[in-house]
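Working notes, structure below.
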Amino acid sequence: MSFSSSSVSSLRARTLSSSDDGITVKQRAVKGCCAPAGNKVKLLLVCGVLSCATNFPEGYCNSYPNTSHQTFQNQINESYIERGLEGGLSDEGFTWYWSLMLNIWFLGYLVGTFLTPYFCDNLGRKKSLFIANCIALIGAILSCVGVTFNVPEVFFVSRIIASISSGISFGSLILFLQEATPTELRGVTSFLSESTFIMTMGMGIGFGMDAVFGTNLPVLTGISIAPAIIAIIVVIPLHETPKFLLINRDDREAALASLEYYRGITSENDEVLEDMMLEKAVVGIDDEKITIWEGVKEVLSLPHLRISFFLGAAALQIIVGIWPIVYLSTDLLEENFSPEISQVASFAFMMADFGASIAGLFIIERFGRRTLLIGLGMANTLSLCLYIASDLLIPVWDPIRWGQIAALILFGATYGAALGPIAYFITSELVPQRSRSIVQSMVLAFNTLMNFILSFITLPCYTYFGALSFLPLLVIPSILCIIFLFFYLPETRGREVHDVVDELMERHNKEGGKNKTRNISSSVLSASSLASIGSIDKHKTNVEA
């Protein structure tokens with residue numbers, strides 16, 4: 001089976017024709033409010049503000065409980081005492097109650113990740129972000145209402161709503177940033193998303209300290225209302241991504257307008273659209289729409305998509321320890337330090353994380369994704385080993401307990417420098433447009449499930465087994481994932497997605513997988529083949545002329 005001549009001609013017409021000559025390009029002007037129009041500083045500013053406002057609910061709302069947990073405990077107990085429960089919740093009862101209050105986030109987030117493919121593939125990246133941020137605004141208002149009127153159940157519901165919005169917004173944001181920006185800025189803008197996320201976590205831990213807003217829960221929770229409003233305002237004037245319009249909607253005119261909105265009017269825009277069409281053609285799959293479950297089945301049946309899912313899941317598994325530490329670092333440190341020192345140490349951990357993420361913005365395009373992910377993954381795992389060793393040696397030499405804080409800071413620095421950001425966006429650089437939202441949602445769903453399990457059992461396991469519990473929960477799985485990535489992860493920096501997909505498919509063919517992927521080897525024109533068709537067509541036209 002092969003492309004028909006009409007299909008190839010149609011593809012050539014869409015990808016090789018140029019409606020812009022040098023004069024026309026200079027005369028036209030980009031329409032749109034606050035359009036970056038090729039201004040890199042403006043583009044980064046738009047992406048940064050959008051990322052910060054969109055990531056705020058997840059980062060901020062999951063970090064302020066770390067340092068303000070005592071105030072929450074007092075208010076929750078007061079609520080139940082007022083309703084007739086003498087003495088309030090017991091210490092053990094509150095431990096499970098608080099654990100559920102925190103970790104219900106992951107179940108809501110899981111729902112959001114399942115909804116992401118439907119929203120992103122049917123409504124587009126922009127509308128998905130708009131809807132998600134509207135839901136986030138509702139969650140933020142409810143959280144403030146819950147603590148103001150001392151009704152823990154309302155606060156509980158607010159976390160479910162906010163987590164669903166975050167599940168939708170995170171996947172949509174990564175897709176938006178990857179598709180709206182040029183290849184040379186793709187890593188920086190995606191990295192910027194994680195940097196702003198880390199910044200919001202730092203704000204949450206800092207604002208949750210008793211010396212700031214830790215004893216004023218209405219103010220502490222109400223702060224998240226403003227970013228939700230800002231995110232909605234920022235999204236409204238933005239264009240849908242050019243890649244979505246071209247490949248998913250087959251609207252070249254709208255795609256060109258979007259490309260000009262974000263990257264400016266240049267004579268190279270048609271060539272950029274041509275490269276985008278190659279990404280569609282390289283996988284050789286028809287244009288028909290499929291359901292989410294059909295998409296999942298396709299991912300699991302096609303080797304190049306299946307390995308992308310495994311690689312994305314392995315990358316995120318390395319950093320799964322960030323959530324238990326963000327939630328519980330103050331609690332864990334209070335076993336060997338005073339509450340004040342524990343709060344300051346948790347804040348220092350987050351500041352190291354944020355500071356490293358700022359530095360990471362300057363190195364993300366200087367070093368390969370593969371090198372940074374594997375190298376920093378090893379250093380991050382080593383920091384957990386240092387934490388375990390320090391805890392075990394405290395009975396022998398008490399000052400070694402400060403090694404726990406040093407290990408915590410190292411953990412944050414290695415995460416922020418590149419490990420966390422790359423782990424979250426690497427999947428989108430491995431998968432073609434048609435399957436990108438589904439594969440990314442599958443990866444995030446798996447990661448969310450692991451986050452829920454580990455975050456829920458970390459505190460009980462730590463209570464019974466101490467820091468040694470980190471060994472089976474975090475260290476050993478990370479080592480196995482690093483080994484897997486070392487052997488199978490391709491480099492993606494500076495490469496178009498269709499080129500990376502080509503490599504994954506060729507790797508499968510070399511391993512004996514020819515003609516097993518729905519006859520993909522015989523039915524697909526690769527990117528290089530399509531480029532050849534284009535050059536042959538041009539040559540033929542010149543000869544005839």
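Cβ coordinates come from backbone N, Cα and C, glycine included.
All TrEMBL annotations are machine predictions without curation.
Feature annotations, courtesy of TrEMBL:
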- 43-493: domain 'Major facilitator superfamily (MFS) profile' (DOMAIN)
- 96-118: transmembrane segment (TRANSMEM)
- 130-149: transmembrane segment (TRANSMEM)
- 155-176: transmembrane segment (TRANSMEM)
- 188-207: transmembrane segment (TRANSMEM)
- 219-239: transmembrane segment (TRANSMEM)
- 307-329: transmembrane segment (TRANSMEM)
- 341-364: transmembrane segment (TRANSMEM)
- 371-390: transmembrane segment (TRANSMEM)
- 402-426: transmembrane segment (TRANSMEM)
- 438-458: transmembrane segment (TRANSMEM)
- 464-489: transmembrane segment (TRANSMEM)
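Residues 63, 66-67, 187-188, 191-192, 194-195, 198-199, 201-202, 205-206, 209-210, 325-326, 329-331, 333-334, 372, 405, 408-418, 420-422 of the same chain sit 6 or more residues outside the transmembrane segment (341-364) yet have a Cβ under 8 Å from a Cβ within it. Between the transmembrane segment (371-390) and the transmembrane segment (130-149), fewer than three CB pairs separated by 6 or more residues in sequence fall under 8 Å, so the two stretches do not touch. Listed by sequence, the residues of this chain that lie at least six past the ends of the transmembrane segment (130-149) yet keep a Cβ under 8 A from its Cβ atoms are 53-54, 56-57, 61, 75, 112, 119, 123, 155-166, 168-169, 172, 217-218, 220-222, 224-225, 228-229, 231-232, 235-236. Counting C-beta pairs under 8 angstroms (sequence separation of 6 or more), the transmembrane segment (402-426) reaches the transmembrane segment (307-329) with 3 or more such pairs.
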